[in-house]
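Please read the structure below before turning to the comments.
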Amino acid sequence: MQELQDSNPNAALAMKCTVQKDKLADAVNRVMKAISSKTTIPILTGVKITSGRDGITLTGSNSDISIQTFIPLEEDGNENAVVHTPGQIVLPSRLFSELVRKLQDEDVHIEVDSRFIAKITSGATEFSLNGLDPEEYPNLPIINGSDAFRIRKDLLKDMIKQTVYAVSVTETRPVLTGVKWMINDGKLSCVATDSHRLAQRSVSVENGEDSGTHTLVIPGSSLNELSKILDDDDEQLVDIIMTTNQILFKSNNVQFYSRLLDGNYPDTSRLIPTESKTTIDLGTKDLYRAIERASLLAKEERNNVVKLRAEGNQVEISSQSLELGRVFETLVPEHFEGDPLRISFSAKFMMDALGKLDAQSVRIHFVGPMRPIIIRPIGDENILMLILPIRTF
Amino acid sequence: MANARVIFHVDMNSFYASVEIANHPELRGKPLAIAGKAEERHGIVVTSSYEARKMGVRTTMTVREAKQKCPQLIVRHPDFSLYRRTSEQLFTMLKDYTNLVEKASIDEGYLDVSHWIHRRHPLNLANEIQSRIREELHLPCSIGIAPNKFLAKMASNRKKPMGITVIRKRDLPQTLWPLPIGKMHGVGPKTEEKFSLAGIKTIGDLAARNPDAIERKYGINGRRLHDFANGWDVRPVDPDSWDRYKSIGHSMTLSHDTVDLKMIYETMQQLAGKLEMKLKREHVASYELVVMIRYHDWKTITRHKSTMQPLRSRQEILNLAFSVFQANWSGEAVRLLGITLASFQAISESTKQLDLFSYQNDIQTEELVDLIDRINDQFGENTLLPATRLLNKKRSESPDSGC
């Protein structure tokens, strides 16, 4: 048998296809975001390639997230790929992604035999790689729920950017490492907090009305990766499908699966003050830069403390370090209302929050020196950033 | 000769009062006392200028008593951030001369200048250090020069203010031994009484006793004092001792080896309670915690955890310690548990990042904090201070440091 197969390669052929190098490199690059070299399931260090009748699918997974990219045979009248023999193979991902990037010719030919040996040729270059049995690759979660909605890609990316920075990076309360998504009445509300600051944003979504009320907690790390693989054709819509323990994002030729976090997300709404004793409007960039300068000194001290003093229609930002000295800066607010106030907070937290806002000006609400500070961009009521002050003894 | 050491003990003269005078020249030559809460009659004098001392003002007197002794006494509130900054400048300056500088407290330190003696006479070097401190910081100090730390400390105490005193070993019979035992560094009122009852009235009396008899009667510390009295002290000048000293810990052997989490939790609770009391006594918050686990087979592990949030209360210490324990416990039977705290900061300087889920507990003190801020704003930094800051400062000053 062995001899017969060797003398007749076609009989042993498990997969054969030809792909445009750029398309392949792009697709591999995206699935690589899900692949980790530190995994307890060895086959997950590989990338799975499936050649089918409509095109070629690449899959990468680390069991928390899985990414699938699809290269259609034809797109906008251009030929991307040709499948001679449908089939599948798992190849070592890091090596494969690197060699694809370094190939010189426009086309890449992949030929796999029944012993999982892949011959990759491009121009005059020929690689032979030992692959793994694709039957051993775990199945992706099957998601065919009807709980779905759609959102514009640029909006989704903004939402992620404006909330995910506030998730907790420690595992003290695991559920806080995720962003809470609540879909209700055609509206998606996202909240993230590490208990020292909080970010919240809501948007309208399409088809959301049908899906009823859903609350789910998506790991912050998943959303960060998702944001990286979504390209920039802003107008496009992303389909989002939810199940009890998985969420699937479908955009164009990319599918992104993430597991959800267990546990009850705390109700933060009752912790956010609704009154305001001092309200100040300031230019976002002016304030950001003033805090940035003050933090030059604050960095050296614990907790990165800067002080804000609002009085007589002036805002003074200051900080000091025992070793280095002091810094004072005065800002004139566009609007000032309420009581004079002194408050201390982390320069880093304030800069993190301000840096995520596109609005020219922000409105800051203070309730007291030891109560949450609320920052809202002027002109967008759907965004709220909150930071807790620092208490000095 | 090769291992002869030359140690300086630099002791600032009435440090807090002197710093005030250096920053407010109009106070020069006047009787000045630094006292907490002077507006209340129970305000206590923490230190005073030599002019005030001449009139009978003493540390720990109430302001009222002090004013009876010295009606024209000027009373100032302490400004600890200023004193601490000044102290840092002082030690930075001392490090110009040698890396072997040991900070003993905010206003005194030891220098090992042995490597200088081939080039410069110690008296000449001490003179330079003293005048530099006078010129650059406008502060008086006394310097003791001796072959070891104990004698250097005794020497700096001989002449204040602005003294430079040398004690050589061969001078001991004349300089040290005639002094009453209570004047010896390391002998407090209690030890003085004990020695006194045993007929030890002077340092010389102690030096002449049989060391073994002293050790039997007064323990290892008695032996040490006997060595000192004879001018023997081999302790090195240790630049790190200031920081190293700063750790407190407790451990407890369980009544039997256990895997019972409830028993482990309760043991840690007790340890955390003891540590909380120590923190309160020292008026500090901790930013680093070490958990020690010793298993039934004496295998011992220690695990560190640093924190951004100050640890102050039993619950805060317990929560962190228990989570460190859980993250590192092998599941085997535990014989002994220990918790150590380090990286301290004075409570007056520590800060706490408030928490969304618990800020309402901290709010209770909000009005007070706000009021203090407003008053300080109007009348200048540190007009009003939490009492802990005054206590904090009194503790950092040993009763005989004379500052």
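Placement of Cβ uses the backbone N, Cα and C atoms for every residue, glycine included.
Because TrEMBL annotations are produced automatically, they should be read as predictions rather than curated entries.
Worth saying up front: this structure is predicted, and the values here are computed from it rather than measured.
If you check TrEMBL, you get these features:
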DOMAIN    B:7-188  domain 'UmuC'
BINDING   B:D11, B:D107  Mg(2+) binding site
SITE      B:Y16  site 'Substrate discrimination'
ACT_SITE  B:E108  active site
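Comparing B:D107 (Mg(2+) binding site) with B:Y16 (site 'Substrate discrimination'), their Cα atoms are 9 Å apart once rounded. A gap of 12 Å separates the Cα atoms of B:Y16 (site 'Substrate discrimination') and B:E108 (active site). Rounded to a whole number, the distance between the Cα atoms of B:D11 (Mg(2+) binding site) and B:E108 (active site) is 4 Å.
The Cβ of the residue listed as 'active site' has 25 neighbouring Cβ atoms from other residues within 10 Å, across all protein chains displayed. For the recorded site, the residue listed as 'active site', the DSSP three-state label reads strand.
For B:D107 (Mg(2+) binding site), the number of other Cβ atoms no farther than 10 Å from its own Cβ, over all displayed protein chains, is 27. For the domain 'UmuC' (B:7-188), the predicted model reports an average pLDDT of 88.
Cβ neighbour count for B:Y16 (site 'Substrate discrimination') (all protein chains, 10 Å cutoff from its Cβ): 27.
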